[in-house]
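In what follows, a single structure is set out as structure tokens and then discussed.
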Amino acid sequence: MTSLLIALAAAAGGYLFGSIPFGLVLTRMAGLGDIRAIGSGNIGATNVLRTGRKDLAALTLILDAGKAGIAAAVFGYFLGTTAGLVAGAFAFAGHCFPVWLGFKGGKGVATFVGTMLVVFWPVGLTVIATWLAMAAIFRISSLAALAAALAAPFAALAWGRPDVAIMAGLLTVLIYWLHRANISRLLKGEEPRIGGKKSETSADVSDGDDPDTPAT
């Protein structure tokens, strides 16, 4: 199989696996209706939490991270490191822009973490540690997510993995674009804090994040 065919296979497989909308599937199975009709309309764990089911939100978080990690691991094992990187990146794209749901999905933080943990675990651990540290200091979930994503390409470069740094950098750009409403509220000082109450303005935005969980 040529390099181009390997890349195409990894991209297609990663995208299709990443596009499985676990948040939507789980909430429908639980009789909670269409998760896209509440909150931000996203399919990630953050919005699932708005149903009041912390167990489903936690399971969604694990599955969303896991699907990207599994895609990267499977293609990386059978087709090589580059294929693993491509599969992980496209699993991220599939989660954020699933074809089955009109290309409206989650914000990609969980799938980003899952991908990083598999393609190069030191970077994945750096992302998790950065999120935890920023969340503990500033108590703002979206800020922690943005800082964690930004840390990834620099960590990859520090560890001598420019290939991972390039992929992480591209995904970080997408994460920032998907969090543009959050960034706007951060600049205005209106982003809610973890454990705090939302104002009416920030509570009803179309793509906001719950302050009690990482944006996913």
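Note that the numbers count up from 1, one per residue, in the order the chain is shown.
Yeah, the Cβs are placed from backbone N, Cα and C, and that goes for glycine too.
Copied over from Swiss-Prot, here are the features:
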type	residues	note
TRANSMEM	5-25	transmembrane segment
TRANSMEM	70-90	transmembrane segment
TRANSMEM	118-138	transmembrane segment
TRANSMEM	140-160	transmembrane segment
TRANSMEM	164-184	transmembrane segment
REGION	192-216	region 'Disordered'
COMPBIAS	192-201	compositional bias 'Basic and acidic residues'
COMPBIAS	206-216	compositional bias 'Acidic residues'
Next on the checklist: Below 8 angstroms Cβ to Cβ, which residues of this chain, lying six or more residues outside the transmembrane segment (118-138), approach it?
Outcome noted: 68-70, 72-73, 76, 81, 84-85, 88, 112, 144-145, 147-149, 151-152, 155-156, 159, 161, 164, 167-168, 193-194, 214
Next on the checklist: Let me spell it out: take the transmembrane segment (140-160), skip the flanking residues so only those 6+ beyond its ends count, and list any with a Cβ under 8 Å from a Cβ in it.
Outcome noted: 107, 109, 112-113, 116, 120, 122-123, 126-128, 130-134, 166, 168-169, 171-172, 175-176, 179, 182-183, 185-186, 191-194, 209-215
